[in-house]
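Chemist: Have a look at this one.
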Ligand SMILES: O=C(CO)COP(=O)(O)O
């Protein structure tokens, strides 16, 4: 039985004050959540403060991106070991916003995956198709290609303990969620893609859904056999909504 993971991707949102309020709210309600792992991924600058505020709670934290380099003349970049030093357990890799707005390629994502693992981080690798790709009926080609790049980097065994997030680009921040059936179909495809190389790793792999997941649709999505949690954007900025989604995973 795979454990559920509910991870909040705060994106470029928050302030010291807003973060404290959000985390206080999460901490106050955490007692009612059982059976699933919780994590938040704030912007880099807030990580040390978030780490202090979450120390000793069951909520883990992570980064939204890292460099594939470990140190050196890479202005503006942050190395995996640096976020690890501040207690990050997770790092989101290859979010569609990074792929589309910052030109991250499958190869770049694969390199970041390798670097994150080498630093002891758990990568949450994002994959997903655009609306145009779905309409052209090439969702499996796109997601298969994105998965293959990561699998090819170090072999399927490297996915043991990693996390995949299926985030259809057309569902992110749009209020338009994939139906549980649409999501399940792609999740099953992803698991199958890994199983073709390593059945054990595929069986244990946490595959999250992301894209307008809300308290109202979370239970239905996570009831599907291959949906093991959520990567939450907007709803992770409200303690009550984030907790309600976590409870829906119970
Ligand atoms: O991109 C997402 C999480 O990484 C999803 O964002 P929303 O939940 O705001 O649609």
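Cβ atoms are placed via backbone N, Cα and C, with glycine included.
Marked as substrate binding site by TrEMBL: 9, 10, 11, 173, 212, 233, 234. The feature active site, electrophile is assigned by TrEMBL to 95. The active site, proton acceptor annotation in TrEMBL covers 167.
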Chemist: When you tally the Cβ atoms that lie within 10 Å of each candidate's Cβ, which of the binding-site residues (9, 212) has the highest tally?
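Modeler: The residue with the most neighbouring Cβ atoms within 10 Å is 9.
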Chemist: Take the mean position of the Cβ atoms of 9, 10, 11, 173, 212, 233, 234, the recorded substrate site. Which other residues of that chain put their Cβ within 8 Å of it?
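Modeler: Everything else in range on the chain: 13, 172, 232, 235, 236, 237.
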Chemist: Name the residue among the recorded positions 11, 95 whose Cβ has the smallest number of other Cβ atoms within 10 Å.
Modeler: 11
Chemist: Near the Cβ of residue 10 (substrate binding site), how many other Cβ atoms are there if near means within 10 Å?
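Modeler: Residue 10 (substrate binding site) is surrounded by 21 other Cβ atoms within 10 Å.
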Chemist: Please give the greatest C-alpha separation between any two of the substrate-binding residues 9, 10, 11, 173, 212, 233, 234, in angstrom, as a whole number.
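Modeler: Pairwise Cα check on 9, 10, 11, 173, 212, 233, 234 gives a maximum of 14 Å.
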Chemist: Roughly how many Å separate the Cα of residue 10 (substrate binding site) from that of residue 95 (active site, electrophile), to the nearest whole number?
Modeler: 12
Chemist: Going by a 10 angstroms cut-off between Cβ atoms, which of the binding-site residues 173, 233, 234 has the sparsest surroundings?
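Modeler: Output over binding-site residues 173, 233, 234: least Cβ neighbours within 10 Å is 173.
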Chemist: Less than 6 Å between Cβ and the nearest atom of ligand 1 is the rule; apply it to the binding-site residues 9, 10, 11, 212, 233, 234.
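Modeler: From 9, 10, 11, 212, 233, 234, counting a Cβ under 6 Å from ligand 1 as near, the near ones are 9, 212, 233, 234.
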Chemist: What is the separation, in Å, between the Cα atoms of residue 95 (active site, electrophile) and residue 167 (active site, proton acceptor)?
Modeler: 8
Chemist: Would you mind checking how many other C-beta atoms are within 10 angstroms of the C-beta on the residue listed as 'active site, proton acceptor'?
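Modeler: That number is 28.
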Chemist: Round to a whole number and give the Cα-to-Cα distance in Å for the pair residue 173 (substrate binding site) and residue 167 (active site, proton acceptor).
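Modeler: Cα-Cα distance, residue 173 (substrate binding site) to residue 167 (active site, proton acceptor): 11 Å.
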Chemist: Please state whether DSSP places residue 212 (substrate binding site) in a helix, a strand or coil.
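Modeler: DSSP call for residue 212 (substrate binding site): coil, neither helix nor strand.
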Chemist: Report, in whole Å, the straight Cα-to-Cα distance of residue 167 (active site, proton acceptor) from residue 11 (substrate binding site).
Modeler: 14
Chemist: Based on DSSP, name the secondary structure state of residue 234 (substrate binding site): helix, strand or coil.
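Modeler: Assignment for residue 234 (substrate binding site) reads helix.
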